[in-house]
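According to TrEMBL, the domain 'Major facilitator superfamily (MFS) profile' annotation covers 19-469. Marked as transmembrane segment by TrEMBL: 20-41, 53-73, 85-104, 144-167, 173-193, 213-232, 238-257, 278-300, 344-366, 372-394, 406-432, 444-464 (among others).
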Amino acid sequence: MLVTATTTLGPAVRLRGPTLVVLLSAWFLAQFDLFVVNVAVPSLAHGLHADAGALELIVGGYAFTYAAGMITGGRWGDRFGHRPVFVAGVAGFALTSLRCGLAASPDQLIAARLAQGLAGAVMVPQVLAVITVSCRGGARTRALGWYGVAGGLGSIAGQVLGGLLLHADLLGLGWRVIFLVNVPVGVAVVLLAHRLLPRTGPGGPGRQDPVGAIGLAATLALVMAPLTLGHSQGWPPWTWACLGLSIPAGWGTAAWLRRLHARGGTPVIEPALLRRSSYRAGLGTVTAFMAYFASFLFTLTLFLQEGLRLDAVTAGLVFAPMGALFSVSSVLSSRLVARHGARAVAVGAVLTGLGLASFVLCLHTTGIATALGWVIASLALVGIGNGLTLPRLIGLGLVDVEHENAGIGAAVLTTAQQFAAAAGVAALGSVFFAVVPHDGTVRAMQWIALADLGLIALVFLLLVRTSRR
C-alpha cells in the first residue's frame, strides 16, 4: 500500500527489482563521485591548471557539503515526501555534474563540486528512507544488503572505472568525462523514479526546526572544513580554531534539541532515535568501519601510484579483484546474516583483518619491488571481508527506526559515514605524508595498514557485543 500525507505503510511491501535499481543507482553515483576524483588529480592539475589548494577543494569540497547537508536533506524527505525530494536531489546532482564537466577554471569546478555535494545530501537519505519505510523483515535485510553492495562498489568503481575512463579519453573529453557520465544516468533515474518509486512520507509533524538544522550544519562545517583542508594548508591556526569552536557549537545545538523536545516541538533529530541501543550500535560500527575503509582506499591509491609507480589504469586494475570479490561476498552474505545475525558480520571483520595483516607482512617481507602479486592476494581477502561486513552494518542501525524518522535516521547514519571517512583520511593521510619523507612509502603504508587493522578490531568487538544482546 502506498503512503499518503496522512497515512503510513501497512504491513509488508516489497520493493521490486527495477525500483531498487533506480534507488541504488543514485547511491552508487554519490559514492562514485566521492572517490573518482582521486585518480583524476594529475589530469585536473594539468588540464585545468589547478594548484594544490584548488585540487584539495575540488576533491574535498564535495565531501564537505555532502556531509554538512545530509541531516537537513533527510528531514526534508520526512517532511515533504521521500519521492519528490529524491527526484529533486537526483535532478540537482545531474545538473551540477554537467556544470562540473563544463567548468573552465578551478574556481568554477570548486563551486560546482560544492553544489554537487549539496545535491547528493538531498538525494542520498531518501534512498535508505524508502527502503526502511517500504520493506519489512527479510525484504528489508536484503534491500539494505544491496544498499551496502552499491555503496561499496561505487567507492571501488571510482578507483577502477575512473582510471579506465581517463585512459580511454572518450571524445577527447579528458577529465571531464568522469563528471559528464553522471548526466545520462541521472536523467534516466529521474524519469524512472516518477513511475516506479512508492509515495513514502510525509509522515512526521509539519513544523521544521531551522535553528537545529543550522546548528548541526554549522557544527559539521566547523569539523569537516579543517579535516578536509588542514593537511594541504599545513594546519594553519584557523583549522584549530574551527575544531575548537565545534565543541561549543555542538554542545549548544544539543542543548537546543533537548529543550525543543521537552517543549513538545519537533527537533531536527529526535532524541529518542539516539536512545535506541540498536541505532547507537549501528552508528559505532559504521563510524569505525568507514574510518578504516576511506583511509585505506586513499592511502593505497597513493602507495600504488607514488610507491609502486603504477599509472592510473594499472593502479585501478589492482583494485579490481578486491571489488569483484566484494560483490560476490556481499551477495552471499545475506544468507549468512539471516542465519547467524551479527556473528556472520563479525566473521567478515575477521577476514578483513587477516587480509590487512597479510598486507602488512607482505610489505615488511618483500618490499616494494616484488610485492604486487602478494598485494593483490591480500587485497582480495580484504574484499571478501568487506563484502561480508559493510552491506550489513547499515541494517543493524535501522532495524528499529520508526517510519516517521526513516529519513533523518538514514541521514544521521550517512553523515556518520562521511564524517568518519573524512576524519580517517585526514588523520591517517597526515600520518602517511609525515612518514614518507623519512622512511618511504612502504613503511608509511605499513603504519596505515596497522592503524586500519586496529579500527577493524574495534568493529569486530562492537559486532560481538551487539550479537550478545
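Quick reminder: no glycine exception, Cβ is built from N, Cα and C everywhere.
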Quick test of the contact rule: Cβ under 8 Å, at least six residues beyond the ends. What residues does that give for the transmembrane segment (20-41)?
55, 58-59, 62-63, 66, 86, 89-90, 93, 97, 116, 120, 123-124, 127, 130-131, 143, 146-147, 150-159, 161-163, 166, 175, 178-179, 182, 185-186, 188-189, 192-193, 196-197, 297-298, 301, 312, 315-316, 421
Which of 85-104, 173-193, 213-232, 278-300, 444-464 contacts the transmembrane segment (53-73) most, counting Cβ pairs under 8 Å:
213-232
Find the average pLDDT over the domain 'Major facilitator superfamily (MFS) profile' (19-469) in the predicted model and report it.
83
Do any residues, 6 or more residues outside the transmembrane segment (173-193), come within under 8 Å Cβ-to-Cβ of it, and if so which ones?
18, 22, 25-26, 29, 32-33, 36-37, 40, 43-44, 47-48, 83, 86-87, 90-91, 93-94, 97-98, 100-102, 162, 165-166
Looking at the stretches 85-104, 144-167, 278-300, 444-464, which one shares the most CB pairs under 8 Å with the transmembrane segment (406-432)?
278-300
Residues sitting near the transmembrane segment (213-232): Cβ under 8 Å, six or more positions beyond its termini, same chain?
52-53, 55-57, 60-61, 63-64, 67-69, 71-72, 75, 238-240, 242-243, 245-246, 249-250, 252-253, 256, 268-269, 415, 419, 422-423, 425-426, 429-430, 433
Taking the transmembrane segment (144-167) as reference, which of 278-300, 344-366, 372-394, 444-464 has the most Cβ pairs under 8 angstroms?
372-394
Using Cβ atoms and a strict cutoff of less than 8 Å, what residues sit near the transmembrane segment (372-394) while being 6 or more residues removed from its termini?
128, 144-149, 151-152, 282, 285-286, 289, 293, 296, 300, 308, 318-319, 321-330, 332-333, 336-337, 344-345, 347-356, 358-359, 362, 366, 413, 459
